[in-house]
Amino acid sequence: MRQPLLEKGATHQTEGEAKEDEFTCWYKIARAFNWVKAREKRMLWLGGKTYPRSYVSNKMNNQKYSILTFIPVVLFNEFKFFFNMFFLLIALSQLVPFLRVGFLITYIGPLMFVLFINMMKEAYDDFKRNLRDKEMNQKKHEILTTSGVYKSICSQSLKVGHIVKVNQNERIPADLLLLYTTEKSGSVFIRTDQLDGETDWKLRKAVPQTQQIHDPTEVINLQCFVRAEPPNDKIYDFLGNMEDQETGHVEGLSLENTLWANTVLASTGFILGLVLYTGIETRAQMNSKMPRSKVGLLDQEINFLSKVLFAFMLTIAFLIIVLEGFDGSWYYKYFRFVLLLASIIPISLRVNLDLAKIYYSYCISNDTIIEGTIARNSTIPEELGRIQFLLSDKTGTLTQNDMVFKKVSMEFAQFSVETMDELKAQLKESCEQSSGPLGDLDLSQGSFDGQQAGINGSIYGGSSHNNQMSFTTKKRLQPGKKGLKKHNREQKFIVRDLILALTLCHNVTPVYPNKDNPSFKELQASSPDEVALVKFAESLDMELLTREESYVKIKNAVGCIEEYDILANFPFTSASKRMGIILRHRSTQKIVFYLKGADTVMNDPVKPFQRATLVEQCETLAMEGLRTLVISQRLLTEAQYEEFKRRYSMAKSSMENREKLIQQAIESIEVDMEYLGTTGVEDKLQEEVLSTIEILRNAGIQVWMLTGDKIETAKCIAISTGLKERKQEIFEIANVTKESMIKEALNELDGKIDKMMLLIDGGSLQIILQSEELERRFFMIAKDAPSVCICRCSPTQKALVAKKIQQYTNKRIACVGDGGNDVAMIQVGDVGIGIVGKEGMQASLAADFSILKFKNLKHLLLWHGRHSYKRSAVLAQFVIHRGLIISIIQAVFSIIFYFVAIPIYNGFLMMGYATIYTSMPVFALILDQDVDLDSIMKFPPLYKTLQKGRSLNFKTFLIWVWISIYQGSVIMLFSIIFFPGNSFVNIVSITFTSLILIELLNVFTQVHRLRPKMLLAALITIIIYLSSILFFRNYFDVSAIDRQFIIKVIIITTICWLPLHVLKKIIQLCWPSQTAKVKDS
C-alpha cells in the first residue's frame, strides 16, 4: 500500500509522526541534546519536509577536550600513572607542617614541569584538531532552495533534507542520496580513500526517477519522498526507497545510489544530492573509532621496576629506623625518611623516555634510505627491536598487486602471451562470421526458444539429434598434453564469447577528457584489475567505446560496431566474490547473462559436466602462481528474463530483508552457466622480498604468511619468496573436516616441525579454533615452525591468529599488510605496519608505522628498532640510577649525622640535578650507535640478543642498583674522610660537585662511539654548573673552593668511577658480546 503523504494544511498523523510516539520521553530528551544516535527511520520529501523534524548538526567536532573539560580530563589521564600519583602525594605531604622536609618547590616543581609539558602537548594537538574542524565546517556549499535557485551556506549549516550541489574534486559534506548528475550515463565515480582507505574509484548511480529530468533545478518540485533506514556504521550497505506521490511508483535505493561524507566526486560536472545523514550520524563519523592504545613491553617493564624501587625506598627508610633503634616517635621519622628518599622514583623518567621516543620516530620518518616511511605512533618505536613473529599478508605486501596477464585457459586449449597471435586470429575470424554473442546460433532456423534450448542442451555434450546446426570440431594441441578433445561448439566462437565477456562484464567507463584530441581515451573504474582485463581485450582489438547507465557500445576485432542495452548489473562484493551483467544485443535481440568470479563461487553456477574442467584448470594455473578469474555466460529467453525482472524489482523495493531477497533473485538465474574459460594473471613480487625474508629469518624473526588465495598459489609464492627453504618440506593440513584428522596430523607433525614449512587452509583452521585444547596444541607446535602459511584466510581469522600467537607464546608480533582486510590484524599486533599500496591507504592509516615497500622492513626493524630499544633501555636505567644515587647519598648522610631527617640538597640543587645539570648528557645516550648499518645487515643475528630483553631486565636493574649504592656511598663517605670538620655547606659543595662529574663520566662509560654532540653536551653542562656556583652562593661555599678542594674532588670522582669502568672493560675483554665480536671482525 502506498505511503500516505501530508498535503499542506493536513492535520492527520503520518507514519513518521506515529513512529515518533513509539519512543520514550527520555529518548526524545536525549536526542534533543544529541546524546544518543537516532533509532527511527526517516522520511524526507524533495521539497524539504522531513520526519522526524529535527536532526543532529552537521558541525564537525573531532576535539578531545572543551574549555571546561580540558584541565580535569588531562589531569585525570596524567594521574592514572603510578609515577605522577606518587609524586602528587609527596607534594601534598609537604603542606603538612610536621611532614615538611624541604622547600615545597623542590617537590612540586618537577611535577608541575612534567604536567606542563604534557598539557601543552595535548593542548597543541587539540588546537590543531580545532583548526582542521573549523576549516571543514566553514567550507561553502550550494543548496537548492524551494524557489529553484542555489544558495551558498557553510558545511556546518547543512541539514537533513537539503539538496546540495557538489562539483568535481569536491568533498562530499554529508551522507547524500544521488539525485542527479550531469554525466549522461547517470553514473559517477567517487574516491573513497578517506573513508575506507581504498584507492579504487567507486561507481555510484543517480536515482532513475530524478535523473531523467531535463532541468536539474526542477528536482525540488517533484512529488517524491524518500524512506531511509536509521543511521548505522555500515559503509557498504544502505536500505531505502523513493516513492512517487503522483504515480505510486516505488524505486528501491541501495548503496550504489549513495555518496558518503568524506568521499570525493571524481567525475566531471556536478551532482545534486539529498542530505540523508549529518554530523555524528554520517557513516564516516560512526566508523571513526579510537584504536586500542598500545603499550610497549619496555613501558610495562619500567612500570614493574618502579614498583620495585618503591619497595626499595620503603626498605631503606625502614633500615634507617632499625639502625636508630626505634627511638621516640619512629613512625613519624619513618614517613619523613620516605619523603627524603622519594627521588629513588624518578619523576622525569617518563618525560625523558617520551622525548626520546619522539626523536626515534623523527629519525624513522626522515630516513632517506626508507623514504616515505611514517611513524604514526610515537609511543612504541622501541617495540620494533623486540619482534619475534612477523605476520604478513601476501597480495600487495609480498607481491606488488600489479597484475600482468599470462594465460587464458579454456576447455579446448590454453593460450599464453607467446600464442596470443593465434587467439587474436581466431577472434577476428569469428567476428567476421558473426556480429554478436553466441555467433554460432543460426537465427534463421527454428524459434528463439528452441535455439536457446539447443545452446543450453545438445551443444554442451547432451543429445545432439535435436540440434539443427552444424558445428565443426577444431583440434588444438595443448602445451604439455598429447590428447585431443572434441567439442560441439567451434573454438573460435567460444573465444569470441570469452573476449566479449571481458569487454562487457565490468564497471569500466571510457571517458574522453581532451576536447582537442577526441580519440584520446581514459578508462575509469573501481578496480585496476577491471581496467587490466579491458585493456587485454583491447589488445585483441575488442575496444570499449561507450559505457552509460543502460547502454554499452564496443568495436569488435573487425572494426564493426556492436551495441548492447544493460538490463541489469550486479557489482562485485567481498561477500559474493563475483560480478554479473545482463545485456541485450540490439542487432540480434539476444539476452545474455555474463558472470565472472573466483573459482570457489563459480563452481556451482556452471554446468555439472564442466565443473571438473573448471577445477582442473584453476588448479593448474594456481600451481604456476597465477591468480585466476572464471568467466561464464548464459543465454536467457524473454520469459526467463521477465520472470527474473519481476522478482528482482520486488526485492529491490522491499524494506525488509532486501539484500537476501536480491541475492535470491540473482541466484535464480545463476544456473546452467556455460563455462567459457579462466584467465590467469601474475602478481609480481615486491622488490628484494627474497633477501628481506632471509635477513629477517636470520635475525630470529619467524615469518607467517596469511592470505586469502588458494593453496596452490600460496605454495608457489612461499617458494618464490624464500618462505620455504630448499631443505624444508611442506606439511599440508587442508580440506580437513574432523578434529580427529587434525589431531592425527599434529601427532605426525610434532617432533619434526623444525624441518617443515606448515601450510594450513582457513577451513581447517576454523575447526582448530573451535576447540580450546586443539587450538592450544596447534599453536604450541606451529610456533616452532621456521615458517607458516595460512591460505583461504579471512580477515577475522588473520586477527584471531595474531591474538592466539600472543596468547600462547607471550612474544612480540608485528603484523604487516596493505589492504582494508588487513586492518583488524594490524590493530591486534604489538606493532602494526601498513604498506601504502594499490589497495589504498586504509592499512597505512590504521598502522603504527607506514612504509612504501616490504623491503623497508629490514631497515625499520634491524636498524631503527634495534637502536630504539637499546637506547631506551640504557636511558631508562641511567635515569633510574640518577635518582637512586642521590637517595643513597641522602641515606648515608642521615645515618652518619645521627639519623637526622633533613635533606642534604634543597631547592634549586634538586631541581637542577634532574634538569639542567644532567639532562643534556643523558640525552646524548640516544645518539649512541654500537655498530654501523653495514654490520647489522651483514650480521642479522645481532637482533636476536634484543628479543630476550637482556638490555633491560631484573639482572641489569640490580647491576645499576649496585653501581648506585657503591658510588653514592663512596661520594658521601670519602667527602667526610677528605674534608673532616667542614661545615654543612662545604659537604653539599663537595658531594654535589663529585656527583655531577661522576654522572658525566658514567654517560661516557655507556656510549660506544663518542660524537661531537656528546662532547658539546658535557662541556655545556660543566659551564652551566660552574656558573651556578658563582651565582648561587647560598648553596656553595665559594671561599672553600681552592686547589686542594679540586684535587680531592677529582680523587673522589676517580674512586667512584674508575674501578667500575675498568671492571666493565675487563668483562668485555674476557667475555666479549656479539656486538664486540662484530666490531672486531
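Here the Cβ of each residue, glycine as well, is placed from N, Cα and C on the backbone.
Sequence annotations record features per position, and here TrEMBL assigns active site, 4-aspartylphosphate intermediate to Asp393. Summarising the environment of Asp393 (active site, 4-aspartylphosphate intermediate), the number of other Cβ atoms within 10 Å of its Cβ, over all protein chains shown, is 29.
Among the features that TrEMBL reports, ATP binding site is placed at Asp393, Lys394, Thr395, Glu530, Phe572, Lys596, Arg627, Thr707, Gly708, Asp709, Arg792, Lys798, Asn821, Asp822. Cβ neighbour count for Asp822 (Mg(2+) binding site) (all protein chains, 10 Å cutoff from its Cβ): 31.
The annotation Mg(2+) binding site is assigned in TrEMBL to Asp393, Thr395, Asp818, Asp822.
Taken from TrEMBL, the feature domain 'P-type ATPase N-terminal' covers 53-103. In this model, the domain 'P-type ATPase N-terminal' (53-103) carries an average pLDDT of 80.
The domain 'P-type ATPase C-terminal' annotation in TrEMBL covers 845-1072.
Residues or ranges marked as transmembrane segment in TrEMBL: 67-91 (among others).
Annotation source TrEMBL lists transmembrane segment at 98-120 (among others). Note on the transmembrane segment (98-120): residues 71, 74-75, 78, 84, 87-88, 90-91, 332, 335-336, 339-340, 342, 347-348, 350-351, 901-903, 906-907, 910-911, 914-915 of its chain, located 6 or more positions outside it, place their CB under 8 angstroms from a CB of the stretch.
Summarising the annotation, TrEMBL assigns transmembrane segment to 259-280 (among others).
Among residues of the same chain six or more beyond the transmembrane segment (301-322), those with a C-beta under 8 A of the stretch's C-beta atoms are 82-83, 86, 330, 333-334, 337-338, 341-342, 344-345, 349, 353, 876, 880, 884, 887, 891, 894-895, 899, 949, 952-953, 957, 961. For 301-322 (among others), the entry in TrEMBL reads transmembrane segment.
Residues or ranges marked as transmembrane segment in TrEMBL: 334-353 (among others). Remote same-chain partners of the transmembrane segment (334-353), defined as residues 6 or more beyond its termini with a Cβ less than 8 Å from a stretch Cβ, comprise 81, 83-84, 86-87, 90, 93-94, 99, 101, 107, 110-111, 113-114, 117-118, 299, 302, 306, 309-310, 312-314, 316-318, 320-321, 872, 875-876, 879-880, 882-884, 886-887, 890-891, 894, 901-903, 910, 914-915, 919, 922-923.
What TrEMBL records for 879-901 (among others) is transmembrane segment. Counting only same-chain residues 6+ beyond the ends of the transmembrane segment (879-901), those with a CB under 8 A from a CB of the stretch are 101, 305, 309, 313, 316, 320, 323-324, 333, 336-337, 340-346, 348-349, 352-353, 910, 913-914, 918, 922, 957, 960-961, 963-965, 967-969, 971-973, 976, 987, 991, 995, 998-999, 1002.
Proximity of distant same-chain residues to the transmembrane segment (907-927), defined by a Cβ-Cβ separation under 8 Å and at least 6 residues beyond the stretch ends, is recorded for 102-103, 105-106, 109-110, 113, 343, 346-348, 352, 355-356, 359-360, 871, 874-875, 878-879, 882-883, 886, 988, 992, 995-996, 999-1000, 1003, 1006-1007, 1011, 1013-1014, 1017-1018, 1020-1021, 1024-1025, 1028, 1032, 1035. The transmembrane segment feature in TrEMBL is assigned to 907-927 (among others).
Residues or ranges marked as transmembrane segment in TrEMBL: 957-978 (among others). For the transmembrane segment (957-978), the list of distant contacts is 305, 308, 312, 877-878, 880-881, 884-889, 891-893, 896, 987, 990-991, 994-995, 998, 1002, 1048, 1051-1052, 1055-1057, 1060: same-chain residues at least six beyond its ends, Cβ to Cβ under 8 Å.
Sequence annotations record features per position, and here TrEMBL assigns transmembrane segment to 984-1003 (among others).
For 1015-1033 (among others), the entry in TrEMBL reads transmembrane segment.
Residues or ranges marked as transmembrane segment in TrEMBL: 1045-1063 (among others). Sequence-distant contacts of the transmembrane segment (1045-1063) (same chain, six or more residues past either end, CB-CB distance under 8 Å): 963, 966-967, 970-971, 974-975, 978-979, 990, 993-994, 997-998, 1001-1002, 1005.
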Check your understanding: What's the CA to CA span in angstrom from Arg627 (ATP binding site) over to Asp393 (active site, 4-aspartylphosphate intermediate)?
Key -> 15
Review point. 10 Å Cβ neighbour count around Gly708 (ATP binding site)?
Key: 23
**Study point:** Integer Å distance between the CA atoms belonging to Asp393 (active site, 4-aspartylphosphate intermediate) and Asp822 (Mg(2+) binding site)
**Key:** 7
Revision key, fill the gap. By the 10 Å Cβ-neighbour count, the most surrounded of the binding-site residues Thr395, Asn821 is Thr395
Revision key, fill the gap. Spatial neighbours of Asp818 (Mg(2+) binding site) among the recorded positions Asp393, Thr395, Phe572, Gly708, Arg792, using Cα within 10 Å, are Asp393, Thr395
Review point. Which residues, sitting 6 or more apart from Arg792 (ATP binding site) on the same chain, put a CB under 8 Å from its CB?
Key: Gly708, Asp709, Lys710, Ile711, Asp761, Gly762, Gly763
Practice item. Fill in the CA-CA distance, Asn821 (ATP binding site) to Asp393 (active site, 4-aspartylphosphate intermediate), as an integer in Å. Key: 9
